[in-house]
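Contents: one structure, followed by commentary.
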Amino acid sequence: MISIELIRKNPEYVKENLAKRDMFLKDRIDDILKLDEERRHKIKRIEDLRALRNAKSKEIGSLKKQGLNTESLEEEIRLIKEEISKLEEELARIEKYTEDLLLRVPNLLHESVPYGKDENDNVEIKRWGEIPKFDFGIKDHADLGVLRGFIDFDQATAISGSRFSILKGPLAKLERALINFMLEINAKNGYQEMIVPHLVKPQTLVGTGQLPKFQEELYYVKDDDLYLIPTAEVPLVNVFKDTILKEDDLPINLTAYTPCYRREAGSHGKDVKGLIRQHQFDKVELVKIVHPDSSYDELERLLSNAEEILQLLELPYRVVALCSGDIGFSASKTYDIEVWIPSQNKYREISSCSNCEDFQARRANMRFKDKTGKNRFVHTLNGSSLAVGRTLVAIMENYQTKDHKIRIPKVLKDYIKGECI
């Protein structure tokens with residue numbers, strides 16, 4: 001959530017920054033400012049009426065001591081109380097509406113974020129690894145998986161509908177090996193592993209920014225008023241909801257493996273075939289809770305930690321800086337890591353590493369006490385390390401052989417016996 005104080009103090013800066021994402025956000029800021037002015041006016045009026053009520057109450061006390069009639073003053077106080085009550089109801093409505101508007105305003109962008117309209121304007125930062133060359137006709141991961149009897153899309157569809165899959169035997173073991181490998185590398189890099197709930201309260205998703213804006217993307221359990229998590233970022237960040245940390249506790253580094261659940265409501269017709277875009281998929285997540293002064297150094301560290309996984313797996317990838325029109329709602333700056341997918345002859349996203357600055361911390365009330373004793377909001381960062389299903393896709397396609405086998409990356413030999421599956 002953007003600070004209302006910042007909007008009040010420097011509205012033009014806020015509007016210009018948000019306009020890099022969407023010109024129409026300027027109007028929302030104007031609406032918030034009008035409501036804020038109305039709110040402050042009503043607060044002032046309530047305070048004045050309370051002062052008047054108190055003064056008249058004292059006057060009544062004085063008159064009663066003198067044995068004088070106080071009926072007219074008592075009627076005035078009754079009317080004042082009615083007006084205060086009415087104003088307080090109006091104030092509560094204004095504050096609720098203002099909060100609703102603020103919760104739908106995205107984060108401010110860091111000055112280094114490139115301007116652009118969509119993913120075509122993202123800026124490539126680096127490439128790593130050699131793109132493999134094949135002397136045979138390659139298969140995409142879906143066809144290869146079905147051919148080998150490792151993936152069953154038809155039965156998954158019969159069980160659950162479209163965009164689900166069943167992994168079998170060696171491929172299921174390879175996915176499990178990847179999860180363990182990723183968690184162990186993350187632990188080596190100083191992240192504490194956690195096992196977190198997969199069902200969360202609505203307010204938990206408000207804290208990380210998925211609600212209220214992206215409700216249609218989420219699976220909701222109505223009877224229990226709980227949502228299935230779209231990413232482990234949600235419970236990991238909220239571990240410190242309504243908490244005041246010690247400055248010396250920072251940074252806090254967390255990692256978790258979870259299945260993730262997304263309705264993909266806006267993805268009709270995209271990646272219909274295969275494992276790239278599923279309603280349920282495995283992901284290993286990284287979250288950092290850090291001091292505001294070091295959050296951009298921590299973003300580079302987060303990116304490096306996610307890259308290390310791909311480097312150890314010897315999978316070619318590139319890093320892009322997301323432009324203003326493609327960056328996520330809660331992020332101030334984001335790097336995407338895109339892995340090479342031979343069958344598509346292009347790089348595809350496998351991780352997003354974002355600095356949300358204090359945007360999530362304000363929504364989830366996450367603070368730390370600095371050395372002067374002042375409570376300040378922390379900065380939060382998150383990144384995939386990695387999307388397991390897409391990593392599996394990349395291995396299947398980049399490591400495939402002429403006889404339709406899949407070679408095992410060297411670093412996974414401790415997890416899976418043999419050269420190929």
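Glycine residues also receive a Cβ, built from the backbone N, Cα and C atoms like all the rest.
Model, not experiment: these values are computed from the prediction.
The L-serine binding site feature in Swiss-Prot is assigned to Thr231, Ala232, Glu233, Glu285, Ser384. Around Thr231 (L-serine binding site), the C-beta neighbours below 8 angstroms that are at least 6 residues distant in the chain are Thr258, Cys260, Lys283, Glu285, Asn382, Ser384. Annotation note: Thr231 (L-serine binding site) sits in a coil segment as assigned by DSSP.
Summarising the annotation, Swiss-Prot assigns ATP binding site to Arg262, Arg263, Glu264, Glu349, Ile350, Ser351, Ser352. Within 10 Å of the C-beta of Arg263 (ATP binding site) we count 17 further C-beta atoms, all protein chains included.
Most Cβ neighbours within 10 Å among the binding-site residues Ser351, Ser352, Ser384: this distinction goes to Ser351. Maximum intra-site Cα distance, L-serine binding residues Thr231, Ala232, Glu233, Glu285, Ser384: 9 Å.
Residues Val234, Leu236, Ala256, Thr258, Cys260, Lys283, Val284, Leu286, Val287, Asn382, Gly383 surround the recorded L-serine site, their Cβ atoms falling within 8 Å of the Cβ centroid of Thr231, Ala232, Glu233, Glu285, Ser384, which are themselves excluded. Rounded to a whole number, the distance between the Cα atoms of Glu233 (L-serine binding site) and Ser352 (ATP binding site) is 12 Å.
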